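So the structure is just underneath, and the comments pick up after that.
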Amino acid sequence: MIRLVFLFLLVVLSVELLDFRSNNYRQIINNALPTIDPQMISQAQAAINPYTDIFVNPPNSFVDFPMANIASSGAFWQQPQSTVSQVAWNPPVSTNPSSSPAASTISFQSYQNPSTFPSTTTASTTTSTTTMPPTYQTTTKSVKKNTETLWTTSKSPMKLSKNPKPSKLNQKSSKSSATSFDSAQLSVLSHRLLNDVLIIPSSRRLYILAIIPIHQSSGQQNFECGEIDVNAIVRMAAFLEAQKTINESNLLKEIGVDIGAIIVDSCSTDLRSVADLYELLSGTNIQKSDLIAIIRDDSTFMPNTEQIIRQLNLPVVNTFFTTRSAVQTSGTLPSMFLPIQSIISALRHYQSTCVNIIFDEKYSESVSEFQQVALTEGICVEVAIHVKNASSTVSEMVVRRLLLSEARIVVALLSEDTWIQMTKALRSEMVIAGRFVFISMQDQRWTTSRKFIESWPTFEQHLISITPKTPINHEEEIKKLTENIPKLSLPNLWLKQFWSSAFKCHVDNEDMGGSNSFSRECATTQSLNISQVAPDVDVASISLATHAIGIAFRSFVDRVCPGALVISLSDCVNDPFVGFHQSILDSDFVHHLSDIPVSFNYSTGFRDISLRINRVQFVEDRLQFSELGIVDPIQFTYQDSSDTATPSARGSYLLMSSTCPKSTCAKELAKSTIKQQLPSIVKALTDLEIMIFTIFSVLSALTCLMCMYLKVISVSEYRNLTAVTFLGLAFLSISAPAFIIPPNSISCSLRKLLFPIAISITIAPVFVKTVLIWKSIGSSSSSVLIAFCIVLIQTVISTEWLLLASDSATEFVSTLHGTMWRCSPGDSSEEMILLSCSLIALLSLLSFIFALATLKHSQSLQHLMISILAILFETALYVSLPLIPYKTRDTVMATTILIFAFVALLLSHTGKSSAKKESECGGTLQKTNENWLQHVVQSPQDQMTLVKNYHTASTHAQSTMQFEKRSEDTLRRNTSLYGTEGYELPTP
């Protein structure tokens, strides 16, 4: 027992000695000072923040432009120190430039030690003062090479290796300060990285990598940067403001963390972005584990950059309409599927059925989605042109191809450079003003970029743009950013270029990416108004992306490692990024820059927001956007908010209507439209023409039945077969509407089964009668049985053809004769029905032969004519129907059946039938030959005796025998005298 207790105590002691804390946290605790005094506490706090010693030794071009404190006597580029008003950039005069003035001033912090950012600012209703950061001395003397240095922040060395060797500088700093993390002073061979990267420090290794196009592309080598983008500066300010707000909120303060940022200037160029990311992750000690997410604010097509982002496997939040799907990618704006649906909804609203599409590599996947949606919605894409490069030659060829098409509306899914070349090509090809209506995604640079501003005066076509709906509080956010932009710690070069581009002036003679091309020199006093500098800027998407990452981070920490001291995102989970991306998708919050609660569509990963469709007009040297309609993202419905037939600036009218009936696409669209509309029996019941035709068919069937009754009571010979023939004509009349009803399972079955049976009921008795007459056989019950057997054989044949045919009753056919749904097997459906009646055709031919052989018989003439009619009927349909269009073919077939029934009904009353030779009194005496009447003249007494004998014959057999004998003697005598029967007594 004592051994067990001792063993239990050892187990408990070993568990207590286990340390589950992270390596960083254990290092912090192990390096704690033994004595507690204020100085040691400050050193310990510095040890917890591994990014305190971030410092950049700027290149020589930055040294000439210190922005630590803007001078109060003149423009900031002319004085070493200066101050600027909060809203109006009009610095007051001060006698002491080194101290902050008493008035409302804002200090512009230069590209300095970011450990002091953001600066402590005390704001009141009228004034605000900013404490100036201290000056840090660089230690460039310890570096042998004369290169630019970057004080980096991570414990890891420069190269991305798991077990790197510590540098000498790291060993030296660890000896000097045992309470801080190792800091590495790494050599940066490229000045470009210093110009392209801005780091906002964090007390932890938690950074958001923001890819923002601070500069535009040069458009030449696709590597160098062009002019600065004032929209990007404003959006970067919104990003920094959102980051500051989320760090100062209780959301992150409660867990003791704050999130930093690494802003990379992509210059809207793929190669430069790749170089910056590569040097950032391999040329500095910034590691992948320091990054928690990526905010991509550059919508430029950058396949190589996207490949690097996929290799990083970080959650990506896009702030634009995403054109390509990727893993762990979401967005605060919808994907391109929603703008495509918006365009289609607007086109359908204005009854446009035909469009053209021009696109480049960026929208290659979106075009396939557009074509699929357009096909389902009944809109034809006449021409889809892939613009492979942004050259003038290619653009001119595209314009020539558009001029050859019928469509007036052109959906232009183009990048910036391609769109510029397209506007030039429209001018060089001298396209008539208002010839096309272009629909494109609205770009913020349309109102700020010099390339666009110079192209709008010569653009004479109509332009429709798609853009997110502006939130209600957007203007208030712009005013707030107007006050905060001068407070940002921006690189001096960025600030000079922003000033120059915003006020269309040049600061000095330095090369600043084309900004010195402005001839006017910048004034010493300027008022900043973002609504005029960047009138179309949208800051909501990037602000919401930052807040979504912050809220998702808190949710992820609470779910995975609650209560832990989080230094990096991988402290609790080995692979945290999949779960963190899921936390971003699950985030749901309310923000003042969104009219509805912010949430992500779980199936797509993007937000569903309302889109605004604008009409763009260049009026008085400015672009004006007038709203045409709003698209609901839930129901994909378009709500028109203005008239689309309003006059433009040049007197033409915008007509959102485009058709191309002669194009191949329209024909294919018609096929798809007809194919989608499956015929049904319900539609046939409501069609007026079909109902009228059916009424005539029923009347024809009733007429045949009435004639059958009259014929049966008036004919003594073969009356049963005659009744069956008339019954077949009635069934034939009823089968006629099946050919005019739209093809469906019921009508097709009636066509294949009822028509052959009806025609067999009509022809089989005629065939049996002709054979019996030819054989001189009288009518009997067996003759009806023979006709019934023939009908049964035809029924079996038709049923087998119906069951052994294709599985579907209908088939969609598109040939020269038309495009429509038809009974299977499609084009040859009527031909197959007539082939199934081959037995009836053979019987009709035999009936014709036998009737011709017994033409002397009284009923042979009508049998002959009915046989000829049946042969002509079947032959004419079999030969002519394949040559008739589909819509006319069914009508011809149904009408011919009714005509055949009516003509056969008339032919059945022709010929020398015995019924026509009988008298109305039952067949006593007919006036056939006057010579016969002269030799047989009876007195009235003899006539009365004859009548009495007739009545007596019905009751007395002996009298009947005498009467028959007398009649036979009279007939024999008349035959010998005149060669014909003089009269005929009725058969008892």
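Glycine is treated like the rest: Cβ placed from N, Cα and C.
According to Swiss-Prot, the features are:
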- 1-17: signal peptide (SIGNAL)
- 111-176: region 'Disordered' (REGION)
- 114-140: compositional bias 'Low complexity' (COMPBIAS)
- Asn247: N-linked glycosylation site (CARBOHYD)
- Asn389: N-linked glycosylation site (CARBOHYD)
- Asn529: N-linked glycosylation site (CARBOHYD)
- Asn601: N-linked glycosylation site (CARBOHYD)
- 690-710: transmembrane segment (TRANSMEM)
- Asn720: N-linked glycosylation site (CARBOHYD)
- 721-741: transmembrane segment (TRANSMEM)
- 753-773: transmembrane segment (TRANSMEM)
- 784-804: transmembrane segment (TRANSMEM)
- 832-852: transmembrane segment (TRANSMEM)
- 864-884: transmembrane segment (TRANSMEM)
- 891-911: transmembrane segment (TRANSMEM)
- 966-988: region 'Disordered' (REGION)
- Asn974: N-linked glycosylation site (CARBOHYD)
Can we call the transmembrane segment (753-773) and the transmembrane segment (832-852) in contact, meaning three or more C-beta pairs below 8 angstroms at a sequence separation of 6+?
yes
Take the C-alpha atoms of Asn247 (N-linked glycosylation site) and Asn601 (N-linked glycosylation site) and report the distance between them in angstrom, rounded.
26
Determine, from DSSP, whether Asn529 (N-linked glycosylation site) sits in helix, strand or coil.
coil
State the non-local partners of the transmembrane segment (832-852) in its own chain: residues 6+ outside its ends, Cβ under 8 Å from one of its Cβ atoms.
751-752, 755-756, 759-760, 763-764, 766-767, 770-771, 773-774, 790, 793-794, 797-798, 801, 805, 825, 860-861, 863-864, 866-868, 870-871, 874, 877-878, 881
Measuring CB to CB from Asn529 (N-linked glycosylation site), give everything in the same chain under 8 Å that is also at least six residues away in sequence.
Thr482
Given the glycosylation sites Asn247, Asn389, Asn720, which one has the fewest other C-beta atoms within 10 angstroms of its C-beta?
Asn389
Can you tell me how many other Cβ atoms are located within 10 Å of the Cβ belonging to Asn601 (N-linked glycosylation site)?
16
Measure from the CA atom of Asn389 (N-linked glycosylation site) to the CA atom of Asn601 (N-linked glycosylation site) and give the result in Å, rounded to a whole number.
35
Whole-number Å distance between the CA of Asn389 (N-linked glycosylation site) and the CA of Asn720 (N-linked glycosylation site)?
86
Does DSSP give Asn720 (N-linked glycosylation site) helix, strand or coil?
helix
Six or more residues beyond either end and a Cβ under 8 Å away: which residues meet both conditions relative to the transmembrane segment (784-804)?
720-721, 724, 749, 752-753, 756-757, 760-761, 764-765, 767-768, 832, 836-837, 839-840, 843
Once the DSSP letters are reduced so that anything not helix or strand counts as coil, what is Asn247 (N-linked glycosylation site)?
helix
